[in-house]
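A.B. asks: Just lifted these from Swiss-Prot, have a look:
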type: ACT_SITE; residues: 235; note: active site, proton donor
type: BINDING; residues: 48-53, 74-75, 111-112, 139-140, 244, 273-275; note: NAD(+) binding site
type: BINDING; residues: 225; note: substrate binding site
type: SITE; residues: 75; note: site 'Plays an important role in discriminating NADH against NADPH'
């Protein structure tokens with residue numbers, strides 16, 4: 001079939017398998033060009049490995065450090081008549097490229113919050129790898145099914161305390177609007193912490209640890225975003241921020257546990273990037289379009305892959321073997337360039353000036369749109385989008 005982009009809200013409902021494969025190839029090429037990570041991990045589990053920072057982590061481990069990887073994700077395969085999710089095609093492409101280089105690659109398509117997922121991963125590790133030396137936790141899900149009761153809990157992207165009103169961009173109509181978001185209830189805040197906080201990360205490490213499959217010196221990292229006052233009402237000071245603070249709590253507890261065997265647990269605070277997750281957060285697309293333009297001008301721009309490669313090579317797995325630099329809360333900070341005062345001041349000054357008419361001139365909004373559509377495999381140079389393509393792509397994946 002011939003597949004064209006169809007956008008609904010902040011999701012593109014179609015995906016292009018060849019385009020998704022090209023995205024993965026591009027990240028692999030970038031990783032290889034940067035060179036091998038001297039003290040990199042060798043047996044890595046990535047929970048949430050099909051897109052965004054999780055996918056880049058799997059690529060950094062495999063193609064930057066020759067690591068065996070297990071990826072866990074929840075994606076939909078395509079059929080003969082309907083495309084699957086981008087994450088399915090990303091994972092299929094990763095598996096193909098990893099195997100072509102003789103690297104161990106196993107993927108599990110399942111609910112990562114479930115007990116079954118954890119048991120299956122443990123079984124695989126015992127069978128094939130013995131133990132693992134890194135666990136990346138990179139889940140971004142709006143809903144969590146509690147593993148014991150089966151109850152479905154939903155997260156809320158809302159402020160706390162008062163209604164939040166701010167200038168934003170309507171990405172469907174490409175115009176500047178005033179976005180208003182009502183505050184979260186106490187229940188919504190608690191639910192957001194349940195879905196997006198640190199509990200499941202702890203459950204993963206507990207299960208792996210009790211099964212005896214964590215190597216001494218095993219490192220685990222979970223990803224977070226803090227941002228600045230421009231996005232704080234909806235993010236760090238909102239329901240989502242409470243969940244990310246719970247991630248900090250979990251990191252502290254896990255670090256105490258893992259340090260006994262020379263391991264570590266950290267939250268890595270990353271920069272804002274165009275992902276399916278960030279596009280769903282009010283105000284983020286406009287902020288990203290603004291900050292990207294300034295960072296590009298300053299020569300500081302990083303996408304998911306550049307950011308993760310820097311985390312691996314300059315923080316977690318330094319050539320000199322030293323421990324990573326952390327902030328007062330033991331977080332690894334990779335938002336350091338984005339938070340530079342000149343860059344943030346630029347955004348603060350620009351925010352009130354942006355109109356529908358000057359949006360593309362003052363910000364990198366056009367590039368934002370191009371990167372967004374690229375997440376789904378579209379708008380990539382060298383791909384013939386009028387060519388017939390088969391949306392049914394099979395690969396070595398365990399379905400639970």
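Heads up, the Cβ atoms here are built off N, Cα and C, so glycines get one too.
Have a look at these and tell me how they're positioned relative to everything else.
C.D. replies: In the three-state DSSP scheme, residue 235 (active site, proton donor) falls into the coil class.
DSSP assigns residue 50 (NAD(+) binding site) to coil in the three-state reduction, placing it in neither a helix nor a strand. All chains included, 25 other C-beta atoms sit within 10 angstroms of the C-beta of residue 50 (NAD(+) binding site).
Reduced to three states, the DSSP call for residue 225 (substrate binding site) is coil. Sequence-distant neighbours of residue 225 (substrate binding site) (same chain, 6+ residues apart, CB-CB distance under 8 A): 235, 244, 269, 270, 271, 272, 335.
Within the same chain, residues at least 6 positions away in sequence whose Cβ sits under 8 Å from that of residue 75 (site 'Plays an important role in discriminating NADH against NADPH') are 50, 84, 85, 87, 88, 91, 109. In the three-state DSSP assignment, the secondary structure recorded for residue 75 (site 'Plays an important role in discriminating NADH against NADPH') is coil.
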A.B. asks: Enumerate same-chain residues with a sequence separation of six or more from residue 274 (NAD(+) binding site) and a Cβ-Cβ distance below 8 A; give 'none' if the list is empty.
C.D. replies: 288, 368, 371, 372, 375
A.B. asks: Can you give me the same-chain residues 6 or more apart in sequence from residue 139 (NAD(+) binding site) with a CB-CB distance under 8 Å?
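C.D. replies: Listed in sequence order, they are 47, 48, 54, 112, 113, 200.
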